[in-house]
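Enquirer: Starting off with a structure, shown below.
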Amino acid sequence: MSRDEEHSRFVSTLTGCSQRELFLTFLITLLGLFIRNLTLPWIFLGTRYDTGRFSYWLKFVADVIFLCLPSLLAMTILSDHLLFLATIMSITSIVLLLFVIYEGVDHHLTASLKQAWSRIVEEQHRPTKFVTYFRSLTMVLVTVAILAVDFPIFPRRFSKTEKFGHSMMDVGVAAFIFQSALGSRMAKSPSSGRQLSNHSRPWYLTSTSLLFALGFVRAVVLEVIGYPQHVTEYGVHWNFFFTMAAVRVLFSILPRCFPLVLSIIFGICHQTMLKSTGLQAWILDENANKRDNLIHANAEGLTSLLGYLTIFYASLAIGGFMARTSIRVKSWIRRCFQLLLLSIFLFLAQLATEKWVDPPCRRVVNVTYIFSQLTLMTFATAVCLSIQMFNIVVWCASFPQFSKGDDPFSPVSPCLSDSINRHSLLFFLISNVLTGLINLSIPTAHTLSAQFSFPILLAYLTVCSGIVHSLEYRKVNFIRLHAD
């Protein structure tokens, strides 16, 4: 067996995992964020990051523990105990929340909450903070997975599925597509508080050009150094960067109005093409596609584009729905419940297509896969929005420790999620480079000891986070020095 074949066999799975495990893993990561926002105002007594270097980096250590460690544990040594871990973290959240409520009893709790309920969510309240939470925590999950999958400590059922099924490694591209559409739509909404620049950059400096360049560099470098590649993921030459760039190009030349209608049309056309032409069966048959030309060699990447475009337009529709939220706190809280109901509806649609069409298939992005990913992303967005609204409500209601500062997130600043969100591409590139270096340095597939592999993964995640967080620290120091 060649090195590439051995690597592909190791990092793939034939069956996948249960969908419940995906939801639990996301929930564990999000609960870590909620526990962080509950505890930090007490631990640091509302001290902001600009009080000194020690406080800034001490909060970074806390963020690694609360935001990074739960994801790492859920995908490695505690992967067989996800329900137990989620239960413990849920109980911890409830107990801490009870302490918050108890502390607010002496401050006219009922009247304060009624007042907060009708408060206006203004620009300084950071109304789109939930997008930052979703984007950064998804990035953490993806970063953990892309290296952990090369170690035996990572359960094989979480690896990429070869044909049908659910798995953690199948979530990455769909999550990036979803957050790209959601973030772009929310940034243009009046409630975002962002001022959009009219300045247009040259084509070679646009993000689309950068993605194409990164995709080309990655393909060339991996070919030159002989790095083992999982061909059935995208194809021989295609990769993640090409998919993201191609979706952006297609979006730029297609209509942008009525995204929900276009998403339905694209989804029907894509599924019809997969089934009626036999394209899906041809791609999934290991012996049918000889990869004897450029198109056949990258069949998975090219075929899946219309499916990912369907996810993109559906995400735009969800973003448009969120952007129409009223400026009152109660309207945003109502949106939380509506998003949860939407995720339930999408889940029912997924069950229907899973029964009458096919199970989810990552390689061709069939309709069941589309519904399964939209279900998970909508659920995660609803939880992120709920965490954001907690901070806004307790700040507006003047709860002790949570009401210090100019905005609802002052007592919990700085947050690693902000650093990762602002430098998301750099964070992802660093993780890819470190993944390659570690794989070239040690035989990861044969590192059987959890006592050896877990510290490597934790150090890798800490380095990736520390680099982008240090950039934010330098920015904060620059602003503070000029303010003085």
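For all residues, glycine too, the Cβ spot is worked out from N, Cα and C.
Grabbed the feature section from TrEMBL, which reads as follows:
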- 21-44: transmembrane segment (TRANSMEM)
- 56-75: transmembrane segment (TRANSMEM)
- 82-102: transmembrane segment (TRANSMEM)
- 133-154: transmembrane segment (TRANSMEM)
- 203-226: transmembrane segment (TRANSMEM)
- 238-268: transmembrane segment (TRANSMEM)
- 305-324: transmembrane segment (TRANSMEM)
- 336-353: transmembrane segment (TRANSMEM)
- 373-397: transmembrane segment (TRANSMEM)
- 425-446: transmembrane segment (TRANSMEM)
- 452-471: transmembrane segment (TRANSMEM)
Enquirer: Tell me if the transmembrane segment (238-268) touches the transmembrane segment (133-154). I count contact as 3 or more CB pairs below 8 A, with pairs 6 or more residues apart.
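Expert: Contact criterion not met.
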Enquirer: Determine which residues of the chain contact the transmembrane segment (82-102) at the Cβ level, with the cut-off under 8 Å and only residues 6 or more beyond its ends counted.
Expert: 21, 24-25, 27-28, 31-32, 34-35, 38-39, 70, 73-74, 109, 394, 399, 402
Enquirer: Given a Cβ distance threshold of under 8 angstroms, which distant residues of the chain, six or more beyond its ends, lie next to the transmembrane segment (336-353)?
Expert: 318, 322, 360, 367-368, 371-372, 374-376, 378-379, 381-382, 385-386, 389
Enquirer: Can you name the far-off residues of the same chain, 6+ from the ends of the transmembrane segment (238-268), with a Cβ under 8 Å from a Cβ of it?
Expert: 172-173, 176-177, 180, 207-209, 211-212, 214-215, 218-219, 298, 300-302, 304-310, 312-314, 316-317, 320, 367, 370
Enquirer: With the transmembrane segment (452-471) as the reference, find which of 21-44, 56-75, 203-226 contributes the most Cβ pairs under 8 Å.
Expert: 56-75
